There are 2 protein chains.
Amino acid sequence: MCLSGTLEDKLTAAAAAGFDGIEVFEPDLIASPWSPAELAVRCADLGLSIDLYQPFRDLDSTDPVRFAANLRRAERKFDVMGALGVDTVLVCSSVAPDAVADVDQLAEQLSTAAARAELRGLRIAYEALAWGRHVSTWDVSWDAVRRADSAALGLCLDSFHVLSRGGDPAGFAAVPGEKLFFLQLADAPQLTMDVLQWSRHHRLFPGQGAFDLPGFLGAVLTAGYRGPLSLEVFNDVYRQSDPARTAVDAMRSLQWLEEALALADPAAGLHRPPAAPQLSGWSFTELAVDGVSGPQVGEALAALGFTHTGQHRSKPVQLWEQEAARVLLNASVVRAGAPGEAAVSALGLESSDPQRSAVRAEAMSAPVLPRTRGATEAELSAVAAPDGTEVFFTRTGPDGWPADFLPTGAPPAAGAGLTGIDHVALAQPFDAFDEAGLFYRAVLGLEPQQVTELAAPFGLVRTRAVTGPDRAVRLTLSASSLRRGGWAPRVPEPQYLAFATDDVVATAERLRAAGAPLLRLPENYADDLEARFDLPADLLAAIREHGLMYEEDVHGACLQLATEVLGDRFFVVVVQRLGGYDGYGNADAPVRMAAHRRQRRAAAVSR
Amino acid sequence: MCLSGTLEDKLTAAAAAGFDGIEVFEPDLIASPWSPAELAVRCADLGLSIDLYQPFRDLDSTDPVRFAANLRRAERKFDVMGALGVDTVLVCSSVAPDAVADVDQLAEQLSTAAARAELRGLRIAYEALAWGRHVSTWDVSWDAVRRADSAALGLCLDSFHVLSRGGDPAGFAAVPGEKLFFLQLADAPQLTMDVLQWSRHHRLFPGQGAFDLPGFLGAVLTAGYRGPLSLEVFNDVYRQSDPARTAVDAMRSLQWLEEALALADPAAGLHRPPAAPQLSGWSFTELAVDGVSGPQVGEALAALGFTHTGQHRSKPVQLWEQEAARVLLNASVVRAGAPGEAAVSALGLESSDPQRSAVRAEAMSAPVLPRTRGATEAELSAVAAPDGTEVFFTRTGPDGWPADFLPTGAPPAAGAGLTGIDHVALAQPFDAFDEAGLFYRAVLGLEPQQVTELAAPFGLVRTRAVTGPDRAVRLTLSASSLRRGGWAPRVPEPQYLAFATDDVVATAERLRAAGAPLLRLPENYADDLEARFDLPADLLAAIREHGLMYEEDVHGACLQLATEVLGDRFFVVVVQRLGGYDGYGNADAPVRMAAHRRQRRAAAVSR
């Protein structure tokens, strides 16, 4: 149930992502034209074991007639298990009105069922559903299993059911390892809602949510569990996303989890990929441009104080520089957008060990990109992020990537006070939002920050930052909260590149003098700032004059400006962080979005 | 915040739907290029009054410096109100850490602010947010307002904030009518979740949710409120849907509410549209077909035991009949789908008074469709449902719609035991799900049933029935729970027409003999039925032989079969209700969907 599609789609995706086995969930089997024996053959062909079967719920019953019917049903499912070649069946705590409350009676019924299973060489893993009628916590399920005292009966632990109820994994130590039959893992965001709805719609892969999965898994392994790690993630988005992508995301979550556990307990001897080398900053950001957007962006960069300093040795790529801010304009990107578009196509990140960064990325299931390079050009390792953006691991220096560029000899511009890249903001495909957070976390060692939601003019937008430990690298990832349809523009909000300045007012003055295409903001916005904050008169005047935005967080404040949209889906922001401001101008984003919409509509009308 | 888009989009939509006025929500104003005075002119041009302004939150504060700053901010917003020409400002209970807990101190601060407002001829409507820090219920807000004892200070009541906290509207009777300054209405589904998230994402228009809005409004009016009825619906879907459609939906919710209140209290003298005439059943269902799908569906209808009995006098429309089941195949529908498609284009509903049905529909903001008819043809009144399906109000009889058809003289087929239409299942556009429920409720007097969710192969699907009081008319409406993207097929699940039979096994035998394109179901499905239910051996054999589906509800059971998909997005179901079964085969729907997917893929491969 982690994957979308038919059973055939799911098996193919799981095998391709490198999984060793699967659980068979009854609805998939019932809807499949394959008999259980045919399914077993198909799994064997793909190198997948069948590790668990989930054929029904609500086994126990206070009604003897009902319990007898349930046992009869179980026997038929044991037949199916024989054909599937699986030896463990999941039985969840009952949610039915006739569920058994008395733990001794429950133990007796479980023991009866386990005896039937044992005759077939099968075993039952009993699991407490968080919303079970009488058994809703793992310790009560263990109490029943312990009392049943049957070799063919053990526990299935599920991290969601335990952690959503605030269960303490430390208690697993009391359970003998051989009674831990199965382990299901799921993360989740911390939500305050009905636990059944939380479980059915909002589960996530480990590392994507708020639960302490490394701590949970560590406790289970310490208790002696040695079976498979199975992912059971009910998630509305994954239910309808490309299963091949979801399966890779799922595999990455286990790779991340294994590493997190290995770091917490080096003595456990778990496999560890090479640690993510520290990323000390931005080497460059590359924009894909064409014959229309290239000159438009180049002209804007010139007005922003950049100098066209280099030309790539073998490709139509320009290097533009201002202090530590470097932008590549690449006219040869294959996956470029519509004609006239400019879009962020690659991130160059300064790695202390580019080669090791690439090896680690590959160990975290990141797709490594093939490189074509000239004989004298630098070796550049790159992987593809979930949205297709190429991530380069680089070193800036005479022996690094700049060696690929021949100097243009252009005299350096005076500059506009931009000192480097503050952050890069990438609009994500709807399906990739959670996947992207885990990708940057596991592959690059960046830390996902809190998800916040913006009330944008055409619908809610979720956004989160992923950041390096000293904020030398900051990225923001945004996506619509609901996939957009007919009315709201389907195209993502534009991406942007935010440059840092130490004095945004001085920068704004220079940019206006140079004719940079600065975005105009409504007077009402500045009027509201004046009502909300006690700002100095000269700052307020500058805000009004230059279309600056101002907001505060608990640490400090931020002044920023934006350009108009360039090449249809890209713009530039200039940010001055005051005090310890640690945000991304989210409060002002809706005003900026509406202003960009007006600008683009006006441009569309004038075309 | 009920409507998507920019302020200009919203005003246009509200005016076109017939609203008298609006609230101005600060983010819209701040993002607008119109000054407050320009906005006032624009509203006046559109015939819209500005009835409330929501410029900020968190007025009161235990910190005197902060409270002074808040008052200063309020004064600036009072300036804006002068320019807007609005006299009432909303102040919500504070959610800030410095919110005032002591009700006397709170009353004093509210009174101070009200005195400032009064000097400008303005007034403050104070509202308890359900998640306010210290004031979260309406009675506490009233206590503060009462103690403040200021003519310029009154209450704003919001149905969501009151009803989500289980508040009792009967208590409003204690509040003098002149202290009720403003009323905001929102419905919501009954959810168990954090009230803030519930409020921000899941509000609905009156009549779309689970709250007793007629009871709430009745209590407010009884207490003496005489101001506007304002809708404040934060809803993730409406935030990104076409505002013109949403505004009509919103207006219909008030029309429905007014009628519900008038029915509850005839003495109140409220306006009532003509009551919805009783719908006694199905006259016909019309399918839009073309040169490819028409013959294919016709052939299938013949194999299903139908006779082509009539031909329309002036249009390329065939009438097919079997007992009370009547199907029109219309080859002249303008909004038909892709080439080769067959789709439900119109519903013919038997009304006791077709003319009055049409008048009522128009009074409930249903778009009335223009009719072209020949001189001798019956007058047919029709309206468009949210998904574009035409709904005809008809009478079957010599003077009714059948008079438009010339008999073909074809000898009646032997039939297959189909006795009439059981239900029609319509896939809804994602944005139209809640709108459609209210449409059928308000316009046709059908009752929306519980929403259930299906785990379909390519993502969750929501479905609900709308039914007449005696189930003479049953419709089901379905939509994806999330709008589908790249992987899951974007086309909606097929629609279907379910015919009733008294003996589905006998019908299935006749259909197979006639070569009807019956859908094949997997063996695993029947194996599971055998494990789950104690079915007679001959019934199980018939289930296996004919691909029947069986499920139970609390009232009875249902046996059904489905055909293959005909014309790309349509199929036929035959249903036998046993006992008082009141469902729609939802439990079996995922199996059927997977089987249809296989059939369509196979057909696509063979093409």
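Even glycines carry a Cβ here, placed using N, Cα and C.
Per TrEMBL, the features are as follows:
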BINDING   A:GLU127, A:ASP158, A:GLN184, A:GLU232  divalent metal cation binding site
DOMAIN    A:420-564  domain 'VOC'
Other same-chain residues whose Cβ falls within 8 Å of the Cβ centroid of A:GLU127, A:ASP158, A:GLN184, A:GLU232, the recorded divalent metal cation site, in sequence order | A:LEU90, A:CYS156, A:LEU157, A:SER159, A:PHE160, A:HIS161, A:PHE182, A:LEU183, A:LEU185, A:ALA186, A:SER230
Other CB atoms within 10 A, centred on A:GLN184 (divalent metal cation binding site) | 22
Could you tell me how many residues in the domain 'VOC' (A:420-564) are helical, how many are strand and how many are coil under DSSP?
-> 45 helix, 51 strand, 49 coil
Model confidence over the domain 'VOC' (A:420-564), averaged pLDDT = 95
Near the Cβ of A:ASP158 (divalent metal cation binding site), how many other Cβ atoms are there if near means within 10 Å?
-> 25
